[in-house]
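In TrEMBL this protein carries:
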- 1-30: region 'Disordered' (REGION)
- 7-18: compositional bias 'Acidic residues' (COMPBIAS)
- 19-112: domain 'RH1' (DOMAIN)
- 130-167: domain 'RH2' (DOMAIN)
């Protein structure tokens, strides 16, 4: 009867072990809280069996397998989180470099605007007093004004001559 009772306990243990065994076969990223509790419970049962005597080698073997599997799962989780953390660091560093590059380009762009050539000028389009004509248009207007002024002087001289003639 002792042996049949021991066999019954073993069968019950194997049925109870299906939960942790299934959980141990899962990917660490698919584990649920229930799976973790089942694995913990199975490890605890195996530890309790060390004091039971005849089942020590089987319990030791199961416990060793479960501990190794839990360690593999933890390693996978740590590795995955380390990879994710490293990827985030790399992305952050890349964004920082990009921002610095944009800042440098912006700084160079503003100095380029300030150091424009002799034929270029920076204009604020919101300024009501901003220039509305090109330099060439202004030169044409000045030339035309000078011609008109010269013609005015000629006409004034002619007018002076006519006045003297009339008087």
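Every residue gets a Cβ built from N, Cα and C, even glycine.
Across all of the domain 'RH1' (19-112), the predicted model scores a mean pLDDT of 77. Residue counts for the domain 'RH1' (19-112) by DSSP state, with H, G and I taken as helix and E and B as strand, are 84 helix, 0 strand, 10 coil. Residues in the domain 'RH2' (130-167) partition by DSSP class (helix H, G, I; strand E, B; coil) as 32 helix, 0 strand, 6 coil.
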